[in-house]
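Student: For reference, the structure I am asking about is given below.
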Amino acid sequence: YIGAVSAPLYAENPEDEVSPRDMQQINSKGNMDFCIKNIKLADFGRREIELAEDEMTALMALRKAAQGEKPLAAAKIVGCTHVTAQTAVLFETLKVLGAQCRWAACNIYSTQDEVAAALAEQDFPVFAWKGESEDDFWWCIDRCVNVEGWEPNMILDDGGDMTHWIYKKYPHLFKKVKGIVEESITGIHRLHQLSKAGKLCVPAINVNDSVTKQKFDNLYCCRESILDSLKKTTDIMFGGKQVAICGYGEVGKGCSAALKAMGSVVYVTEIDPICALQACMDGFRLAKLGDVVRHVDMVITCTGNKNVVVREHMDLMKNGCVVCNMGRSNTEIDVNSLQTPELVWQHVRAQVDHIIWPDGKRIVLLAEGRVLNLSSSTVPIYVLSITATTQALALIELFNAPEGRYKQDVYLLPKKLDEYVASLHLQTFDAHLTELTDEQAKYMGLSKYGPFKPSYYR
């Protein structure tokens, strides 16, 4: 089991820190079914959610289409995702579509406290705050599912922690669960492990490998947010810097393209010869991390794997090397190996620590090795709209599927729905799709209205 959290190494204001678990809060309607940092932030959070709605046109279109029909009526969704203005638009859309929801955060640093407050003010049972401890993290998840008189029948997960907790503590709940929607490589890995072991007892849709998630969220989102995150945390100059990017999947492609465009010299590490060849064709130097780690100025992990950057690598890094993670898992950088007596941790600012070696060398560790863009900056709302719409349609698909359509296995989102998500977002642009003629459609063996790609296309 790969945990998604660990206890924070520090509190920003330890003398002022009062756990939300120790505070009794109530919203203006008299409701107390939530646990957040500060309910007084609700108005601020509501303004952020409204700004996000302006960019998330596809979800707003789903709401409008559901004025009469409620495709998620009777759905009871328990979720564990990031709690941000963008995901709040998704949560509230699911509610408009007829669902009841309870929510926890999948990352201890990505929660926007003002957004959590806005949700709580609207009687949305949310249990999340920025800077949770490991115990807080699991406590929040438990508060979502251990509820008298309420049992979930759908799970929306980002990392597999909600699914893991229910399997571990409340397996009887799976008798009523119709399906799981998972959006991260870590969570998909867990689901496939369950499937191989014959322990996956409900169908699941793999949103992470849908075209709309891979090509837009993973690639374009990271291409923009990596620069913003590094600037906000380190004020670094990119021109001429030497950077090692571990992994050349969609996230690695986005990060590499952004840094190359800023004038950085980029090295790529890869295990997959196909991705490695793509990196070479795109003009990057393919190398092993151990061969370049002594002279690079930054190391960025983008693999979703574990122990990609280990203590041996960090011992060889030069003074001032920046180390961070853009992959979903928080296990890519072996942070635990830095918790030794001879190394000094110096907290510099939010999400920035200097790790100092006995000879005075220091490396700059960002976000304690957690996903950088969601811990230290914001990500483009429009791209998140694409993923959120995909999640909503996957929930609708599983919840309304006739019995027997989906077995106890992991499925990709039907390509027709992938294309529908893209078409909804085209409305933002002055974009005009070409339509096949009857003759062309017959020649290609396609319907004029899609799907236009086979199910295995990515």
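Including glycine, each Cβ sits where the backbone N, Cα and C put it.
Take a look at what TrEMBL says about it:
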- T84, D158, E183, K213, D217: substrate binding site (BINDING)
- 218-379: domain 'S-adenosyl-L-homocysteine hydrolase NAD binding' (DOMAIN)
- G249, E250, V251, G252, K253, G254, E270, N373: NAD(+) binding site (BINDING)
Student: Filter the binding-site residues T84, D158, E183, K213, D217 down to the ones within 10 angstroms of V251 (NAD(+) binding site), Cα to Cα, kept in sequence order.
Tutor: D217
Student: What's the CA to CA span in angstrom from N373 (NAD(+) binding site) over to T84 (substrate binding site)?
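Tutor: With distance taken Cα to Cα, T84 (substrate binding site) is 13 Å from N373 (NAD(+) binding site).
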Student: Given the binding-site residues D158, E183, D217, tell me which ones have a C-alpha lying within 10 Å of the C-alpha of E250 (NAD(+) binding site).
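Tutor: If one measures from the Cα of E250 (NAD(+) binding site), the binding-site residues that come within 10 Å are D217.
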Student: What is the maximum Cα to Cα distance, in Å and rounded to a whole number, among the residues T84, D158, E183, K213, D217 annotated as binding substrate?
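Tutor: This binding site's residues have a maximal Cα-Cα distance of 18 Å.
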Student: Consider the binding-site residues G249, K253, G254, E270 and say which one has the Cα lying nearest the Cα of D217 (substrate binding site).
Tutor: G254
Student: So if I measure Cβ to Cβ from T84 (substrate binding site) and keep only same-chain residues at least 6 apart in sequence, which ones fall under 8 Å?
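Tutor: When sequence neighbours closer than 6 are ignored, T84 (substrate binding site) has S110, T111, Q112, V115, L374, L384 within Cβ distance under 8 Å.
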Student: CB neighbours of N373 (NAD(+) binding site) within 10 A?
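Tutor: Here the count is 26.
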Student: E270 (NAD(+) binding site) has how many other Cβ neighbours within 10 Å of its own Cβ?
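Tutor: Cβ-Cβ neighbours of E270 (NAD(+) binding site) within 10 Å number 23.
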Student: Cβ-Cβ under 8 Å from K213 (substrate binding site), same chain, 6 or more residues apart: which ones?
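Tutor: The answer is E183, V207, I386, T387, T390.
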